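Structure first, then comments.
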Amino acid sequence: MFPRRLDSPAAYGIAQAMMDGFDRHYRLFRAESARAKHRFETSDWSGQQRAQRERIEFYDLRVKECVRRLEKEFSAGAQPMDVWHQVKLHYIGLLVGHRQPELAETFFNSVTTKILHRTHFHNDFIFVRPAISTEYLENDEPGARPTYRAYYPTPESLQETLVRVVDNFQLQGEFEDLARDAGRVAEVMRPRLGPAKWRANFQIQVLSSLFYRNKGAYLVGKVINGFQELAFALPILHGTDGRYVIDAALFGEDDLQMLFSFARAYFMVDMEIPSAYVQFLRSLMPRKPRAELYNALGLAKQGKTLFYRDFLHHLRYSSDRFRIAPGIKGMVMLVFDLPSFPFVFKVIKDYYPPQKDTTREQIKGKYLLVKQHDRVGRMADTLEYSEVAFPRERFEDDLIAEIEKFAPSQLEISDRDGDGNVEVILKHVYIERRMIPLNIYLQEAFDAGPHDARARQQMERSVVEYGNAIKDLVAANIFPGDMLWKNFGVTRNGKVVFYDYDEIEYLTDCHFRRVPAPRNEEDELSGEVWWAVGPRDVFPETFGPFLLGNDAVREVFMRHHADLLDPVFWQSHKERIQAGHMYDVFPYDPERRFGAGTGSPA
């Protein structure tokens, strides 16, 4: 029960200190995001990547700062629960009129759960459900920048309006030919709008901040005509002479889903009201969960909060049971899923086969590397949780036995809260979007037979995509380590994505070598490796026997990606990366580009 009176001075002080902590966090987060504009204008690509990586750490640092302050100034952990009841009510009062209330609620949860015992992790003490609506949040102060701007072109002035749209972002520097680029956009936009008459409400709505990532800046908006809405994004790059160009025009939900993919690095966006940006983006991509949109904007903790709420909602309205995930079992990770839920859950095992020379901390380090690195659309993002409780009755007994056998240190089965509900509590778990394992996807094509044209096309496309995925990883300075088909998955849009991270290394840390010539006949006939191998030595010529046992797969692979079996390919990329070169990886199909000769946004 909430108190009828707010009579604790300490409660208000704690609430205000937490609000101060959040405001400091978002001020620093927003300032770093806003600096992306200058880094883009000055072609500071290494600085952009470094900022993207470092910004991820901001949140946890501010939470730790706030916890230390609360303990030092208020002995927060020793305060009675009636004070903590009041803390939440005071905090809700401070949120009235706040422009990031949903983020501030999540920050409150992060701090409070570091101080209180988990028996108090319910809505009386933390924000299990949001308390403040984010609907129609605006900054009404004079001179405040709106979330989006609306433009009203005529059929004759479309090109001119597009020039004005881009000009309003006030990028420092020159375009090669903005009128030309706007004309190209208008030319491809008109067919997308179809033959319909331009209605009275025809307008172009554009978000007020550009979206920065790596070498690119993206203008994001939509065209409204009558009841029709057309989402679009325009990538702005530096051309070969350093001047700006609009490289492509992306239209529709599928193009934008690729741009905002869970397998890509987070954007830098200067947002005062992030919920308004998310609401606008949801109108462009209605199938994309809000959790993933917050993630894409760099607000990963809010993404985790929304994901967990969605997950609890799904549990309430489903009845199937968690099971061991289909497919080949991993040597390092124990994977399970809920068939009706489009994600998989991964637990690090307690022990591994001898060939896996690793530790739990090393594996966590690999997953952190992926979180902080540019994923170039080829590595799935992960959500990391601790002390996650599931209803015991929703687990198949085989799965419980599997966890007890391979990860007993991570498992607790108890009524820890004393509420009569027995739970499965996992100490540490990663959650990833479910994909079709590539080996299973290929097997489906093989099972259809060699004369099935669609199956043949599926096989060819996935083998080509597999090679493209590896090459994109190489461009991002990532060596996947274990390149077996089972460690890659196929997304809903047919993209091949890597998701097994326990053996990944920076490409620049590896040594790519040729297999030495046999010294004698005994070496030549030996089935064992007879030459000396260092800890990070890689022999690309040896990949073939593990990957290309199927003749049809071998033919397609050798036609498109034979260079992956040549050490020269790997070594040349390594040397160029060491020399400071950043490879170009596009988050959209090459045929969307207006012309060659520009750098990549990625």
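Using N, Cα and C of the backbone, Cβ positions are placed for all residues, glycine too.
Keep in mind the model is a prediction, meaning the values are calculated, not measured.
The ATP binding site feature in Swiss-Prot is assigned to Ala325, Pro326, Gly327, Ile328, Lys329, Gly330, Met331, Lys346. Sequence-distant neighbours of Lys329 (ATP binding site) (same chain, six or more apart, CB under 8 Å from its CB) are Val335, listed in sequence order.
If you draw a 10 Å sphere around the CB of Asp381 (active site), it holds 23 other CB atoms from the protein chains shown. Annotation comment: Swiss-Prot describes Asp381 as active site.
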## Note on the structure
Within 10 angstroms of the C-beta of Met331 (ATP binding site), the count of other C-beta atoms across all shown chains comes to 16
### Message
On a simple 10 Å Cβ count over all chains shown, which one of the binding-site residues Pro326, Gly327, Gly330 is most densely packed?
### Response
Gly330
### Message
At 10 angstroms around each C-beta, which of the binding-site residues Ala325, Ile328 has the fewest other C-beta atoms nearby?
### Response
Ile328
### Message
Between C-alpha atoms, which of these binding-site residues comes nearest to Asp381 (active site): Pro326, Gly327, Lys346?
### Response
Lys346
### Summary
Cβ contacts within 10 Å for Lys346 (ATP binding site), all chains included, total 23
